[in-house]
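Novice: Can you keep this structure in mind? I'll have questions shortly.
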Amino acid sequence: MQNSEVFILAIESSCDDTAAAVLHNDKVLSNVVANQLIHNQYGGVVPELASRAHQQNIVPVIDAALRKANVQKEQLSAIAFTQGPGLMGSLLVGTSFSKSLSIALKIPLIAVNHMHAHILAHFIEEEGFDKPEFPFLALTISGGHTQIVKVKGFFDMEIIGETTDDAVGEAFDKSAKILGLPYPGGPLIDKYANLGNPKAFTFTKPKVPGLDFSFSGLKTAILYFIQKNKLENPNFIEENLNDICASIQHTIIEILMDKLKLAVKETGITQIAIGGGVSANSGIRTRLKESEGRYGWKTFIPKFEYTTDNAAMIGIVGYQKYLSNRFETSAVVSKARIQF
Ligand code: KG4
Ligand code: ZN
């Protein structure tokens, strides 16, 4: 039974973004994210600095989310927070804050798996965005994960393929680093790729059995390719940046699409939903949309602000858990690794 007056405050602090959102049932009233720019100068997330920044940001971010939503703390029905997976020091900040606030406000506490949230972000009520029907396949692609998940229900999911080494976001970021681009390099590769020829250079695709992925070989291949070409022409990167980015992105998209096609063949499921930071990639979005006509798939691409790490996606899982009374006691703990 749907309770029509559910207000969820959601808190996400698994990595380097401090985020808070307020949902009224399945509608997002506010979605605030504080990015931690401090990591850019180190070429990757520094866990110690991330947890400190979360401590600084968490109160203003939650305050901003409540004010933007025009919701008083006393109106909240429950607090949902990211339990894991993620960086332990970062998770602890959101978990401890959520516990304290739930005790202070005497409202239930809901623990959310970050990866479930990337998948269930598709169930946020948004004009112009359809929701998938169960069962569907979810491709979750982020800086920490690359998974194909068979989603049979809100709380019934099965990983049918995943990376055996680097995540696809890491493949983008590490390739970008080889090219001398700042962190996070994924969005920059996307930007330059749009101006280049995807067939200019060829990188061998890894041979991984079944639905699993591997990206570490690609990174090494790109490193050797750049080193070799720079020996012949020290300006090789500068002179070919767009083509190199387009070729790298093309190879990564091919790897993802090959496995998706196999997953569809093996499961017979043709509804495909993507989630995770890398699903912001314009090339992936275009290829998926094309697959509707080409293979008869129905694809679901979330609104941009719900693809990268955000708290609205934590809130929608919180709402579903609220409806089915899946609450935690204050003994709940953060989990850097978490059972799917
Ligand atoms: O989901 P997310 O925000 O954080 C994690 O949970 O990891 O994903 C971040 C990842 C980074 O690796 C970033 O480079 C990548 O998503 N990313 C992109 C794009 N936007 C973000 N990769 C390729 N193209 C993009 N447009
Ligand atoms: Zn994420």
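Glycine too: its Cβ is placed from the backbone N, Cα and C atoms.
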Novice: For the substrate site that TrEMBL assigns to Thr140, Ile141, Ser142, Gly143, Gly144, Asp173, Gly186, Asp190, which of Asn40, Asn57, Asn70, Asn281 is also named?
Specialist: Asn281
Novice: Could you say whether, by DSSP, Gly144 (substrate binding site) belongs to a helix, a strand or a coil region?
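Specialist: In the DSSP reduction, Gly144 (substrate binding site) maps to coil.
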Novice: Including all protein chains displayed, how many Cβ atoms other than that of Thr140 (substrate binding site) lie within 10 Å of its Cβ?
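Specialist: Counting Cβ neighbours of Thr140 (substrate binding site) within 10 Å gives 27.
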Novice: Asp309 (Fe cation binding site): which of the binding-site residues Thr140, Ser142, Gly144, Gly186, Asn281 have a C-alpha within 10 angstroms of it?
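Specialist: Checking Cα-Cα distances against Asp309 (Fe cation binding site), the binding-site residues within 10 Å turn out to be Ser142.
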Novice: So how far apart do the substrate binders Thr140, Ile141, Ser142, Gly143, Gly144, Asp173, Gly186, Asp190, Asn281 get, largest Cα to Cα in Å?
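Specialist: Roughly 18 Å, rounded to the nearest whole number.
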Novice: From the binding-site residues listed here (Thr140, Gly186, Asn281), select those whose CB sits under 6 A from an atom of ligand 2.
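Specialist: Qualifying residues: none.
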